[in-house]
Number of protein chains: 2
Amino acid sequence: MVDEHADPTVGELSEGAILRSILDRLGASNALVGPGDDAAVIAAADGRVVATVDTLVHGPDFRLAWTSAYDLGYKAAAVNLADVAAMGATPTALLVALAMPDSTRLSFVTGIADGLRAACRELAPGCRVEGGDLTVSDTLTVAVTALGALAGRTPVLRSGARPGDVVAVAGELGRAARGLRVLFERFTDAAHLPVPVDESVLAPAERDDLAAQLRPAPPVALGPVACDEGATAMMDVSDGLLLDASRMAAASGVCIALETAALGDDPRSALTGGEDHALLATFPHDRPLPAGFRRIGRVRAQGPDPVLVDGARYEGRAGWDPYRDWDARTG
Amino acid sequence: MVDEHADPTVGELSEGAILRSILDRLGASNALVGPGDDAAVIAAADGRVVATVDTLVHGPDFRLAWTSAYDLGYKAAAVNLADVAAMGATPTALLVALAMPDSTRLSFVTGIADGLRAACRELAPGCRVEGGDLTVSDTLTVAVTALGALAGRTPVLRSGARPGDVVAVAGELGRAARGLRVLFERFTDAAHLPVPVDESVLAPAERDDLAAQLRPAPPVALGPVACDEGATAMMDVSDGLLLDASRMAAASGVCIALETAALGDDPRSALTGGEDHALLATFPHDRPLPAGFRRIGRVRAQGPDPVLVDGARYEGRAGWDPYRDWDARTG
């Protein structure tokens with residue numbers, strides 16, 4: 001049981017007290033100017049900074065019955081670290097805008113901070129939360145901005161794939177989508193509402209799928225490696241391989257031909273499941289792929305279809321669109 | 001009347017279609033890599049980037065009955081531009097994380113984009129929205145990250161005020177708080193719920209107060225000027241002059257002595273009203289203040305009180321704390 005007197009709600013605390021509790025969990029700043037002033041000052045040694053933002057909203061993006069504070073913080077960091085990596089950059093700092101009901105317990109807030117710190121430590125050492133913002137909201141929302149350094153590299157865009165290139169991926173495909181299915185199929189009640197997860201009822205593979213959904217571990221360090229090894233195009237796979245590959249194909253003016261034999265035992269999940277946060281990249285065909293990347297297809301000249309699967313148009317849903325696919329009635 | 005067929009909800013559109021409508025309103029990118037890839041790449045010529053985030057949440061921070069989409073976008077940009085300016089930096093780019101109900105009309109989204117663009121154009125030419133994120137949420141939320149360039153300057157922190165320095169301010173004090181009072185006193189119904197604003201019933205001064213609340217115009221260009229003119233400490237006044245001055249005093253290890261004679265006709269609002277987004281700065285006493293700044297007090301050696309008003313401790317509420325002062329029942 002939580003001792004409510006030892007774990008106040010944020011509504012019972014001053015903003016300053018909440019901030020101090022968060023900062024205590026984050027460790028020492030790596031910034032030129034860290035938290036505590038009007039803004040942070042972050043090194044950008046080569047005269048450029050990579051910047052991206054991604055938001056997790058209670059309901060569409062996570063459910064409190066399924067997700068711990070730690071996992072929420074971990075995932076909010078991880079999805080943004082992956083976007084920085086997909087440019088060929090190394091993450092340098094996060095800014096976190098946390099909007100939460102005033103009934104939120106302080107332990108939940110510090111749990112988020114612990115998850116943010118762990119994701120940085122495990123996925124992007126040297127990166128840290130260097131700033132942020134606290135607000136009250138009826139809807140728990142974590143918006144993370146990630147900054148990154150290219151260290152002299154040319155950023156790898158979606159638009160550089162050329163016919164003849166090898167299509168490759170680093171990281172998991174389809175696993176996070178299977179983890180989401182585990183949640184909806186195994187941990188909902190008769191009214192389809194989420195109930196707490198009991199991992200003891202799951203097989204080991206299901207637990208791995210669940211971990212990929214709740215605490216994704218994208219291959220952040222491989223983004224700069226891919227850049228150094230000549231990647232011609234790269235992007236984070238967040239909305240499903242088919243949909244994201246079609247975006248890369250459109251940006252590059254090519255066709256991306258995928259091979260299901262390279263997509264493992266569950267090619268349907270690999271093709272259409274969202275939230276992988278794998279790195280999709282294209283490489284010159286005459287060079288070995290960097291360690292951590294595996295071949296999944298070939299770039300062809302542009303044709304009627306942006307993506308082919310085993311040489312044919314894929315029939316069925318391609319991926320996830322938050323404004324089409326989210327249904328608040330079953331949330 | 002809005003033609004509902006010509007103004008779909010975001011729930012009726014794909015994410016790509018919404019994004020295209022937004023990007024159409026933002027004008028040409030100034031970034032090395034602008035919107036459309038996994039992350040933006042922004043110039044940071046002197047090897048450093050200033051970064052800050054601030055969030056506006058429906059309920060605590062704005063009410064749709066009172067605030068237009070344009071004003072919401074304008075204010076979301078302005079409050080972040082002020083934080084960049086308070087470091088002595090010039091804003092270079094915004095990232096906007098927009099979380100909104102799927103019943104939101106597209107015209108509302110493009111209105112936010114118009115307001116963001118106008119605030120950049122008027123307050124920080126050269127700055128633009130260079131990235132962002134769209135998500136579904138029950139609670140309309142706008143989280144803006146602002147980046148800025150110091151152009152070789154040493155950032156001006158809160159901690160540099162020295163005894164003997166002149167305390168000065170640029171921008172309005174108290175006006176936004178009076179504007180909020182106008183809203184609560186003149187534009188609520190018998191149940192204290194917001195009703196639409198009819199400016200025609202207001203006196204000219206009330207309209208100015210309302211504009212300061214809904215479309216704040218902080219003196220962004222004066223941040224770098226203050227730095228160049230030797231400001232020893234600087235910060236954005238967002239939670240009320242007294243509270244923010246006490247933060248500067250604590251960070252600097254000094255006492256800030258304010259003089260109400262310099263605070264205009266309504267010193268109480270100037271001292272305690274929030275959301276000014278004025279620049280509070282301290283300057284060496286033997287140099288003229290830069291144009292746009294006016295003297296409001298003097299820095300003294302640290303004593304029992306961080307802030308004095310006309311030489312005495314101020315009795316009463318010092319400012320605004322979102323976790324103590326926001327009451328959802330009257331929101």
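Each residue, glycine too, has its Cβ placed from N, Cα and C.
Feature annotation from TrEMBL assigns Mg(2+) 3 binding site to A:D38, A:D83, A:D236. DSSP assigns A:D83 (Mg(2+) 3 binding site) to a helix. The Cβ of A:D83 (Mg(2+) 3 binding site) lies under 8 Å from the Cβ of A:T52, A:D54, A:A146, A:D236, each of these being in the same chain and 6 or more residues away along the sequence.
As annotated by TrEMBL, Mg(2+) 4 binding site applies to A:D38, A:T52, A:D83. Counted within 10 Å of its Cβ, the other Cβ atoms near A:T52 (Mg(2+) 4 binding site) come to 29, all protein chains included.
Summarising the annotation, TrEMBL assigns Mg(2+) 1 binding site to A:D54, A:D133. In sequence order, A:L95, A:V96, A:A97, A:L98 are the residues of the chain that are 6 or more apart from A:D133 (Mg(2+) 1 binding site) and have a CB within less than 8 Å of its CB.
TrEMBL lists A:D54, A:D83 with the feature Mg(2+) 2 binding site.
According to TrEMBL, the substrate binding site annotation covers A:D61, A:E275, A:W320.
Just so you know, the Cβ of A:S238 (ATP binding site) picks up 23 other Cβ atoms within 10 Å once every protein chain is counted. Per TrEMBL, the feature ATP binding site maps to A:G132, A:D133, A:R158, A:S238.
Annotated Mg(2+) 5 binding site per TrEMBL: A:D239, in sequence order. Secondary structure at A:D239 (Mg(2+) 5 binding site), taken from DSSP and collapsed to helix, strand or coil, is coil.
Per-class residue totals from DSSP over the domain 'PurM-like N-terminal' (A:36-149), listed helix then strand then coil: 35 helix, 46 strand, 33 coil. Residues annotated as domain 'PurM-like N-terminal' in TrEMBL: A:36-149.
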> Can you tell me the three-state DSSP label for A:R158 (ATP binding site)?
Replying inline: helix
> Do any of A:D38, A:G132, A:R158, A:S238, A:D239 (binding-site residues) have a CA within 10 A of A:E275 (substrate binding site), and if so which?
Replying inline: A:S238, A:D239
> Around A:D38 (Mg(2+) 3 binding site), how many other CB atoms lie within 10 A of its CB?
Replying inline: 29
